[in-house]
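Peer 1: Pulled these from Swiss-Prot:
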- 1-27: signal peptide (SIGNAL)
- C28: S-diacylglycerol cysteine (LIPID)
- C28: N-palmitoyl cysteine (LIPID)
- 110-482: domain 'Peptidase S8' (DOMAIN)
- D138: active site, charge relay system (ACT_SITE)
- H210: active site, charge relay system (ACT_SITE)
- S426: active site, charge relay system (ACT_SITE)
- 808-1082: domain 'Autotransporter' (DOMAIN)
Amino acid sequence: MRTTPTFPTKTFKPTAMALAVATTLSACLGGGGGGTSAPDFNAGGTGIGSNSRATTAKSAAVSYAGIKNEMCKDRSMLCAGRDDVAVTDRDAKINAPPPNLHTGDFPNPNDAYKNLINLKPAIEAGYTGRGVEVGIVDTGESVGSISFPELYGRKEHGYNENYKNYTAYMRKEAPEDGGGKDIEASFDDEAVIETEAKPTDIRHVKEIGHIDLVSHIIGGRSVDGRPAGGIAPDATLHIMNTNDETKNEMMVAAIRNAWVKLGERGVRIVNNSFGTTSRAGTADLFQIANSEEQYRQALLDYSGGDKTDEGIRLMQQSDYGNLSYHIRNKNMLFIFSTGNDAQAQPNTYALLPFYEKDAQKGIITVAGVDRSGEKFKREMYGEPGTEPLEYGSNHCGITAMWCLSAPYEASVRFTRTNPIQIAGTSFSAPIVTGTAALLLQKYPWMSNDNLRTTLLTTAQDIGAVGVDSKFGWGLLDAGKAMNGPASFPFGDFTADTKGTSDIAYSFRNDISGTGGLIKKGGSQLQLHGNNTYTGKTIIEGGSLVLYGNNKSDMRVETKGALIYNGAASGGSLNSDGIVYLADTDQSGANETVHIKGSLQLDGKGTLYTRLGKLLKVDGTAIIGGKLYMSARGKGAGYLNSTGRRVPFLSAAKIGQDYSFFTNIETDGGLLASLDSVEKTAGSEGDTLSYYVRRGNAARTASAAAHSAPAGLKHAVEQGGSNLENLMVELDASESSATPETVETAAADRTDMPGIRPYGATFRAAAAVQHANAADGVRIFNSLAATVYADSTAAHADMQGRRLKAVSDGLDHNGTGLRVIAQTQQDGGTWEQGGVEGKMRGSTQTVGIAAKTGENTTAAATLGMGRSTWSENSANAKTDSISLFAGIRHDAGDIGYLKGLFSYGRYKNSISRSTGADEHAEGSVNGTLMQLGALGGVNVPFAATGDLTVEGGLRYDLLKQDAFAEKGSALGWSGNSLTEGTLVGLAGLKLSQPLSDKAVLFATAGVERDLNGRDYTVTGGFTGATAATGKTGARNMPHTRLVAGLGADVEFGNGWNGLARYSYAGSKQYGNHSGRVGVGYRF
């Protein structure tokens, strides 16, 4: 296939459709061709040298005035059943509005062409073409493009009938040592060249050819942050160089072999920036009869009419047949440029669908527009004394139905070059090819038909309104294309979403057209738009989700599922599969699914719905199969103990009795009881309703406690009791049995005063009623608010540890006045019946100790502390400030008496989950006073040590203020609390001097609460006005073992220090404490 005319250019003489433009120069090549000379890496400016211009005249455009309006008759493959198809003289007289050029998306002028195609949304969504195989069938002397870092790692193959012409190619090798040497390529088959070189090793690359420029537009990387990267920089490129080196032009057999090899390698998208040029003008293909043979002959005539012409050889050698085979059997999409002859018709390759109807699904023709986005690029060239020649993009012409437009001008940049400005439809086509790669990355299951439908129907309409003969479907819109098709104009759109049910794909455009949707495959497809396409929707496999309105009538096969999400609507529905009514969100708003036609649920299918959802049918409903009714979710509202009817299906007429459901299953949630289905008839039609009521929360919680961990049983039962008390109050309120409870509560209506205090309470209680029964233990436990009692008990125990530290200090003070500063760190775990709570604390104290008499020592300290407590889904933070004091009186060597005192204020801040899905926060203030009296007897131990037996009592008095949580109607409103606890203390103390400056200590003992501790808080839920209850609490171990080790050291000059470790715990509870301090003795 030889290009006419030829040009004296050194780089290439292809039929490739390009105009390569340097910074200040333009090169226009005839026959749709174009090129650049080799870049001079030592030159300034763009690095591009001389360019050539064509001097051969072009054929005049042929008028289409004779085409009749009935041109679409019997040619549905062209007109796709549309009456508004705009081609040739049927172009609309009204122009579309100017396109949105998105001029600010890519501010760098070298990326300006990306603005025209709205590429930014695709890039921001993370699509780069990764995993997509793209073929490039092209030409050009430069076979070193893969050596550029922008194209590094790509594959390049050459095809030629005369393989020996390739044996002279020399490539650079990139061994591990980083060196390089010239090697001669060896070729045993048609895969002539397949090499890789280091990204920085480009010294042997001397030319940038057409093949390099096209490859860069599709998949060039932006190196070192420079702009002008390609559309799909992570796509895998299979670069097919079809050049005949002896003639420096493309070979017909090489093109055909390239397509074959790409098909064998599984490549799905192929860029073809070349074509043949029409010399006989634009033949009127619509004037002939409809037989295939006459189409074939017309196509041959269109390609030139000369029996020796390369265009006829193309047909004789079945290149069109080869192309058609790969479209039909290899699912490949071929993208062609229209050419640069400023003609009204594109090159002949684009005409295949006239001769092979099915080929339309695998071919896209691309015209080029200027930077305005709505005009063709036109330029005049000519030598002095000759007639000027016009160059620029060919129109879509009679290929309009499979044609769109893309920028004619672009910019690329290779390493060691300045940006190269290029122009021509050779670069319009790869812009579309790169976008197709992004689309296939997002929707890897899309067929060639899916891809071309999506790319065409999402284009911005430019020129004459509708599909027109100049711009086809309009200007490529990559951002919109990434949201799926916008129309089904070519018949049914088959979405075979291969994969598993946990994978979901979304179409977010509004979809129109006369075609339908056939959903296959296991994955989910979501339709988010308001769709008006009129063909049928058939779900053969996987699930289809409707988020908006859908005009189409629908059919669900046995392996399919239709999900109406929220208040979606659709046409008539016939189902043998699954129909599922889902919630848009968790707001609890009642939503109606509207079927604008009839409903037929066959015996093999299942209707999944929930209370509060209404399936409204305008026509007749024939119901059968299985019904699965769930009371989960908030939409059913609050249920009282009496019960009420909740409608779930209404129709103009229900054609079969509701008992025709062969199987009914229900999920009542935690507290909802679904008793029976009732059918009622009214003036507006028939209705099916469920009669529902609530269960008893206390009994449900008691049953749930049997399966709860032992440590939660009491709290679960207490939470159920609290909730039942609340719901008895709600049942008695004025509107508790009203079907519009949730809506009325939300509105807080003044004409129903009984509901005003309960608005949020009804909603919170309803959420618990309709929660998952499996969450019962967690929910009931949260309604007991045990964190208040548990964190208070942990704080009281920690203050007791701090008071014991003061007591121990009295035993080892020595003479004189001593000032001491200490820090104490505590950590503990409380395990009870498989449930765990954790405590962490830190206290800083300063104090004094002194001899106040010959046998008397007194001490006082001020401490500030913070502790945290965590359990289940609740956390507490306690801040405190406390005063500690003690006095010891020695009775000679026999023993001693001690008096201890502490008084502290604390603030306990709580954050926790409550109910089904709510969160509450609160804070409570309190005081803790401790009084202790101890006596000790000294027992001689070894030669220098002392053993002391100590015992006594301590009284803890806790007073806590009333409080109310915020954030939830199921938060706790607690009464004030006063609790006194008597604690028995007994232990042993051993001291052993190591020298006159160091003493070791060891302690062991036991503590026992003589009357137990009960820090539970009476009160009620914040959303109640009368119902009462109390919080739960863990069982604080009555008996706790204590032990400790420590040392005191005199540093000299009055300075001294101490270190202590202590433990207090039981089988369920353990607290570890570490304390260090430094003091000065006056």
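Cβ atoms are placed via backbone N, Cα and C, with glycine included.
The model shown is predicted, which means the values in this text are computed figures rather than measured ones.
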Peer 1: May I ask for the distance between D138 (active site, charge relay system) and H210 (active site, charge relay system), taken between their Cα atoms and rounded to an integer number of Å?
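Peer 2: Between the alpha carbons of D138 (active site, charge relay system) and H210 (active site, charge relay system) there are 8 Å.
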Peer 1: Among all protein chains shown, how many Cβ atoms are found within 10 Å of the Cβ of D138 (active site, charge relay system), not counting that one?
Peer 2: 30
Peer 1: For the C-alpha pair, I'd like the distance in angstrom between S426 (active site, charge relay system) and H210 (active site, charge relay system), rounded off.
Peer 2: 9
Peer 1: Counting other Cβ atoms within 10 Å of each residue's Cβ, which of the active-site residues H210, S426 comes out lowest?
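Peer 2: Across H210, S426, these active-site residues, the one with fewest Cβ atoms within 10 Å is H210.
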Peer 1: Just to confirm my parser: what is the rounded mean pLDDT across the domain 'Autotransporter' (808-1082)?
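Peer 2: Average per-residue pLDDT within the domain 'Autotransporter' (808-1082): 92.
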